[in-house]
Structures are given as structure tokens and as C-alpha cells.
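What TrEMBL annotates here:
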DOMAIN    3-140  domain 'CMP/dCMP-type deaminase'
BINDING   44, 45, 46, 47, 48, 49, 50  substrate binding site
BINDING   55, 88, 91  Zn(2+) binding site
ACT_SITE  57  active site, proton donor
């Protein structure tokens, strides 16, 4: 299975449609691929208090984790802008909780489909969690011995 293609398809046509973004008008969608082949979609959900807003990446992870899925092989993120956007800092840390540092993360421009139809480069930026969050703190660090 070409997991990148599956993620882009779910992301571009479905994930950001669930966005509730009346304040920023900045829709974001994420598609998370579990190790057993499920694609979990997430969209940003804003709140009038702003602090209660949850990003698309965290929405996807929370949906998956609450359904018992805790192992993932890839993530893709898109918005309505024609350039690739990257997860924010808190999303990177939440992703770190459940995902391997080598997991691929695909940053997909909103015009991905049009670029392909026009025969242009797709504009997708492939990175990893480790590249987005170097020298990170993760669950395994809580298992380290502690000094007195």
C-alpha cells in the first residue's frame, strides 16, 4: 500500500472539511495512519476562548488513542494555503507521545491535487518527527533512573 497516497486522499478531500474555525478562518486537516492500516482524520476545532482550541493533529491523535489505537506509521497535514504547513509545538510534543522519531510526516499544500493534474511537482514536504522535534523529551525519559 502506498500510505502516502492514501493519507493525501483522505486528507485533501475529507479531513479539513470537519474543521470548526469561525475565528481564524484557517482550516487544517490531518490524517494519521495506524499500524493496522486505519486512517484517522482530524480537523482543527476552535473555541471562543482561543486557549480551548485543538489543532487537527491533536484531534486525530486523541480520536485514535481514545479508540485504543496507540501505534502509528505516518501523518499528513494540510490547510487551505498553497504551501506546506508544519505542526505547532504542542502538537509536535503530543505526536511524540505516541510516535517514533523516525515516523514520516507529510506536509501537504492545499493545491496538491491541482499540481498533479497540471503535471507539476506535488509540493509535499516529507520530514520526520525527529527532524521537527530534535532533542525531544518522551515517555521513555520517565523510566530513567533518578539521582538523589
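Cβ atoms are placed via backbone N, Cα and C, with glycine included.
Structural mapping of features recorded in TrEMBL.
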residue : record                    : Cβ contacts under 8 Å, 6 or more apart
44      : substrate binding site    : 19, 20, 21, 26, 27, 28, 53, 54, 55, 56, 59
45      : substrate binding site    : 19, 20, 53, 54, 59
46      : substrate binding site    : 20, 21, 22, 23, 24, 53
47      : substrate binding site    : 53
49      : substrate binding site    : none
50      : substrate binding site    : 23
57      : active site, proton donor : 30, 32, 42, 75, 77, 87, 91, 94, 95
88      : Zn(2+) binding site       : 55
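Secondary structure of the domain 'CMP/dCMP-type deaminase' (3-140), assigned with DSSP and counted as helix (H, G, I), strand (E, B) and coil, comes to 48 helix, 32 strand, 58 coil. The Cβ of 48 has fewer other Cβ atoms within 10 Å than any other of the binding-site residues 48, 55, 91. Other than 55, 88, 91, the residues of this chain whose Cβ falls within 8 Å of the Cβ centroid of the Zn(2+) site are, in sequence order, 56, 57, 58, 87, 89, 90, 92, 94.
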